[in-house]
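TrEMBL lists 20-38, 161-179, 199-216, 228-248, 326-345, 352-371, 391-412, 419-437, 457-476, 497-520 with the feature transmembrane segment.
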Amino acid sequence: MQLDADTSSVSRTTWLDPSAWDILILSTVIKVLLFPAYRSTDFEVHRNWLAITHSLPISQWYYDTTSEWTLDYPPFFAYFESILSIPASFVDPKIVDLNNLNYDSWSVILYQRTTVIVTELVLGAVLLKFIRGAVDPPTQRIISASLFLHPGFLIIDHIHFQYNGFMFGILLWSILMARNGSKLASGILFAVLLNFKHIYMYLAPAYFVYLLRSFCLSPSGRIEIKNFLALANAVIAVFIASLAPFALMGQIQQLLSRLFPFTRGLNHAYWAPNAWALVTAVDRVLLKYAKSTGTDFHINLAGVASTSRGLVGDTVFAVLPNVKPLHTFTITLALQSIILIKLWFHPTYKSFLTALTLCGYSSYLFGWHVHEKAVLLILIPLSLLAAERHAYFRTFVIATVAGIFSLFPLLFTPAESNIGVLYSILWFALLYLPLSKRVYEFPKSLSYVILDVLEKTYLGGFVFLQIFVAAFPVVASWNSRRDESHNSENSMEFLPLMVTSVYCAVGMVWGFMRLIFIYLHEDTTYQGQLSTIQ
């Protein structure tokens with residue numbers, strides 16, 4: 001009864017908590033100060049989408065090619081852009097001028113940057129809600145604050161430019177509904193999210209198994225017809241609302257061709273730090289070894305230049321066998337099947353949250369043409385597990401450090417790079433210190449001590465990696481002035497990116513191995529701070 005009273009008190013006061021206002025004001029000030037910061041091509045992508053959805057009838061949205069940045073998100077995001085285009089047309093009509101390409105006046109900068117901050121309140125609201133019902137509200141408050149201030153959102157949304165905070169807000173609302181036992185609402189919100197951005201399909205297998213087993217079937221395995229029909233009809237209704245206009249116009253095939261451009265290669269221009277980055281690096285090393293020693297390897301000449309120029313295109317290996325989409329799909333499906341079998345037999349909230357994270361993780365590590373920004377699919381749900389116990393916390397630390405560092409190459413200019421690094425260090429320190437005290441466990445054996453030392457050594461290596469990345473251009477520029485041929489600089493131009501990707505990939509792969517081992521070898525009932533509801 002006392003716990004209920006305390007929880008009720010938290011519920012009544014959370015929204016008025018002065019610390020929440022302090023965090024909101026502080027984060028808003030930081031984001032506003034970043035308005036003049038570097039903007040990626042994604043800024044023009046979204047401006048063009050404002051113009052497309054405002055200037056053209058819906059029948060032309062997925063056909064327009066006025067700009068190279070064609071509309072390639074699902075319909076709900078197109079509707080979202082259409083809504084945002086209405087006030088944009090009053091702020092500055094040139095923003096929604098379809099032929100006004102690469103428009104970068106202060107009016108469009110202020111407007112688009114502001115929309116990211118405002119829509120991110122969806123994330124802030126759900127993070128406050130997560131504190132309600134938590135067994136340990138102070139710890140959950142730390143986690144919620146860390147998510148709202150996450151460096152990934154700062155780098156990708158408020159410098160690089162996207163709307164991830166808004167969409168991850170929807171994802172967390174769906175997860176919160178699952179935690180609170182509102183599984184129908186959880187499924188509906190995830191269906192809505194899929195129609196905003198289809199990358200969340202990586203998480204769909206966990207949702208499918210969890211909702212089917214825990215909502216549509218009884219504990220004995222008997223189908224719950226009412227629940228099954230309610231969920232099926234609700235999800236179908238969401239997809240009808242999204243796709244019906246395009247189905248009626250016979251444009252589904254065109255829409256799908258925009259959403260799934262399978263002509264892209266295995267790796268993105270900057271290798272996302274996943275398993276394929278390691279394989280690609282091994283292929284580069286073997287090629288270098290073959291050239292320097294004359295070893296009789298069968299070398300694919302098409303692979304000599306591939307993956308070494310930082311270009312988007314098909315990835316061809318020089319020494320190792322080439323990887324095809326079917327290979328990546330098979331490996332990902334096999335790993336997810338292991339995870340989902342555990343979820344099927346243990347459909348608790350904890351099992352669902354861990355399986356959800358692992359589904360995103362396996363897709364990130366072994367998927368086809370994975371973008372580095374997709375690392376948020378791992379880091380955000382993993383944050384909710386961070387304070388469960390020490391094993392989760394260490395996994396969270398390794399994956400978070402490697403994942404956030406892997407985003408630094410998105411910041412091309414020195415000012416933004418320094419801001420991103422310093423902000424991330426401060427954020428990590430403020431998060432690590434209080435959480436590590438809450439979950440610390442004394443090493444149980446010598447093997448634990450050795451593992452602890454190895455992991456800390458790896459994490460310490462990021463200091464030297466940052467020094468190398470910062471110093472390399474200076475040293476390369478100095479050497480180029482001494483070498484009139486410039487061959488040395490050109491041949492090593494992408495070395496910092498490759499080293500960053502490979503080093504971060506080691507941590508991401510190890511984090512996955514850690515998490516899947518934990519998941520498969522422990523009870524799935526929460527003993528920690530996330531919720532009183534199992």
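Cβ atoms here come from the backbone N, Cα and C positions, even for glycine.
If you look at the transmembrane segment (228-248), the same-chain residues 6 or more away from its ends with a CB under 8 A from one of its CBs are 58, 62, 74-76, 183-184, 187-188, 191-192, 195, 211, 215-216, 254-255. It is 199-216 that, among the stretches 20-38, 199-216, 419-437, forms the most Cβ pairs under 8 Å with the transmembrane segment (326-345). The stretch from 391-412, 419-437, 497-520 with the most CB pairs below 8 A to the transmembrane segment (352-371) is 497-520. Same-chain residues lying 6 or more positions outside the transmembrane segment (419-437) and placing a CB less than 8 Å from one of its CB atoms are 30, 34, 37, 139, 142-143, 146, 149-151, 154-155, 159, 386-387, 393, 397, 400-401, 404-405, 407-408, 411, 466.
Outside the transmembrane segment (391-412), and at least 6 residues removed from its termini, the chain residues within Cβ reach (under 8 Å) are 38, 40, 151-152, 155-156, 159-160, 270, 272-273, 372-373, 375-376, 378-379, 382-383, 385, 419-421, 424, 428, 432, 435-436, 439, 455, 458-459, 462, 465-466, 469, 496-497, 500-501, 503-508, 510-512, 514-515, 518.
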